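Per TrEMBL, the feature active site maps to Asp26, Asp244. Taken from TrEMBL, the feature domain 'Peptidase A1' applies to 8-362.
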Amino acid sequence: MIKHIWIYFTKVKLGTPPKEFNLQIDTGSELTWVSSKSCPSCPRSSRFGIELSHYDVAASSTSKVIPCSDKSCTAITLGDATRCSIDGQYCGYVMKYLDESATSGFYVADTFHFESVSSNSTTLNASAGILFGVSTYRSGMLAETETAVDGIFGFGKQKLSVLSQLYYKGITPRVFSHCLKGGGTGGGVFVLGEVLAPGMVYTPLVPWQPHYSVHLENIVINGKLLPVDPKTFTPSADYATVLDTGTTFSYFVSEAYDLFVGAVSNNPFPILRTLVLLLYFSYVHWTFICRLFPLVSLNFAGGASLSLKPEEYLFLSNVMQQDGTTWCIGFQKAQGQTILGDLVLKDKIFVYDLVRQRIGWVKYDCSSSVNISVPNDDFFYLKQSSSGSSSRGLLVQLLTVAIVTLFFSV
């Protein structure tokens, strides 16, 4: 089996003196965490060509280990993922992800360093104390050298996320944006603030869902409505359509997935097509990919539509076959939720607006400059990189993409 993975990560400075960490940006989870110096299962090298860092509580003069008696521990809303050590000295956590990988450790409070700009364009170095996890154990993909980074930068919807913590301190607004650049080089921008672009469409957030959930109403393929029961996509306690930058591919619930694969592969030139289902992926051999596969439209509440060309729901494998290039359908089958991952989110500006309770998007060249809305209040905007793609040269965090193809025997 071939598993093709890419992730978007950025540099984050923590502690005193500041130490740099490469963290994957994840809108699907709220917990930010870094590897501990004393973690035996944490990778010591990475196939991505980055030098891995490990957090040392004793090396930072501003670090504070959170005990179970601290009100911060009792306020953490990770449910039974929050644990206490036997002696009560450590407020601990256990975090499991969609791919069955997991991490556990303890919470600390320490200084997060960034550059900021106020509404009058004054620039200064700034810092804020944030709560994050220190991982003493990693398993699954998180423990593998091939996909190793220093941890996760949690930008989920709940109050433990970096966005929420900085907002409640009066440092940032409750809106952020990203533009994930596709292609082999990757990259992009990440903004704590609202990116403006012509043609932006919006759909409401589902307010009572814990993630960035929206209401997918239907799927149209080459102008034809996919015959999925509309109730399949209706948000409920058991179902959601979630935007998740921490997921490489995308997922449809089984009721939609089988119809989707059938409609995509049912083209007018079947003699040119070989469709082989291999475990999690559908492998499609094709030469004229853009001409022979249909346009897909995901239609959301409020009239917003997300149009996907073949290259936006298929990805090119580096495995060559005698009868042509191997293209892979980047959707997998899932139970309980539809997830839109990086394959769908790339090459578009996405705005997560928790003030107006909406998500917006528009197709965009993510290597171009971006226009950022600056409000007339005293909020500060986070900027993690000393140079950026913004026309202001500020407010923008540069992203890096790491791509790896893993081979597994089955």
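Yeah, the Cβs are placed from backbone N, Cα and C, and that goes for glycine too.
Bear in mind that TrEMBL entries carry predicted annotations, made automatically and left uncurated.
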Cβ neighbour count (within 10 Å, all chains shown) around Asp244 (active site): 22
Cα-Cα distance linking Asp26 (active site) and Asp244 (active site), given in Å to the nearest integer: 7
Which same-chain residues, if any, lie at least 6 apart from Asp26 (active site) yet have Cβ under 8 Å of it: Ile152, Phe153, Gly154, Phe155, Gly156, Asp244, Thr245, Gly246
Integer average pLDDT (0 to 100) for the domain 'Peptidase A1' (8-362): 85
